[in-house]
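**Student:** I'd like to ask some things about the structure below.
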């Protein structure tokens, strides 16, 4: 199909979509309305399970099976990326040369690194009582680790970040989620039911299985994002074509 | 007052999304996407969704643009051609 | 104001799809897909907003206070993180295409027939 034909097809489709969508918008409850039947029921269910953060309760308790599906998509996507970005036979690895970093950048990144890691872990651990949880904290922790790449260079990052360990972590997080669900079966309840003691409302130990599932997701997301970024960094910095003899990766950084 | 903030954030998001699509160069697009992530996080905060805002802030303004930039760097690196290396960062 | 957030979500979706249709670079197309995807978050959270409500976290709020809808927030939250990994998968496919066919222009690809 030509570019012009494609554009016309899009314009016709977009016009039809816009018409239906705008009509639907005017039939929706108005923005900010007070009528939220599902929300009210979710809040009641979360409070009865002693979980202060209702969103964590929806994700890891009320709709835990749904989150298992989401986690499996995440796992499959990471697996697919790892397979697609592996080093093939006609490619070779070149060691990136050490890069020089401006002292101010180095000190700032090194000073931020422990704080960012700590915030990430805090966000994972407090998912059941304050905004946050495994999904968000996992991304923060994984991204924080890469401040080391800014502070020093790729080789320093490779030394402190054993990728195979994170690949195992990704699988272990997924497995831990399923095992927690099966544990509920052994306890004589339904798959992924909340069978643990619910604890005192709004304390770190409240929420029953929400804590375990939250931690499992935290491990999986942290490991998954680290593995993804490692694969992309490998491709961009280290792996080159075999014909490319004189290409020494320059570490992705401008020299100072 | 909240309504005004929400409208401003909505317009910011719409503008950033349009700019992200109309910037045909992937490197510039990555930077605009990063700004879009920030604007979305702001909007979600005003909509009383701190969980979603945190998630969007980490993913939208850091992880996705970083992966796009790394892909651009990989794709632009031709065998034997060292002229455009490192230009993307 | 009663429908503006919904209309903006629709606009973000359409402009994202427009970018996908007219893109001459697959990396740019993946970015446009990310834009189109973000429209779903805006729509979900706009539907769940309740005027005068606070975030649905009860650590330091009375349990009978008015809160916004937590269900749609939970949906958007997981999708953002999962969406990022799917974006990574698509970018990995682009890298593979570049290795196999030497181009990231979708129009040049269709002429190759696999």
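Here, residue 1 is simply the first one shown, and the rest follow in order.
Each Cβ is built from the backbone N, Cα and C atoms, and glycine gets one as well.
Annotations per TrEMBL:
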- C:6-23: transmembrane segment (TRANSMEM)
- C:30-51: transmembrane segment (TRANSMEM)
- C:71-95: transmembrane segment (TRANSMEM)
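Have a look at these and tell me how they're positioned relative to everything else.
**Tutor:** Sequence-distant contacts of the transmembrane segment (C:6-23) (same chain, six or more residues past either end, CB-CB distance under 8 Å): 29, 31-40, 42-43, 46-47, 106.
Within the chain, the transmembrane segment (C:71-95) has long-range Cβ neighbours (under 8 A, six or more residues past its boundaries) at 26-27, 30, 33-34, 37, 40-41, 44-45, 47-48, 56, 104.
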**Student:** Report, as numbers and ranges, every residue of the chain located at least six residues beyond the transmembrane segment (C:30-51) whose Cβ falls under 8 Å of a Cβ in that stretch; write 'none' if there are none.
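**Tutor:** Same-chain contacts beyond the flanks: 5-6, 8-13, 15-20, 23, 66-73, 75-76, 79-80, 83, 87, 90-91, 94.
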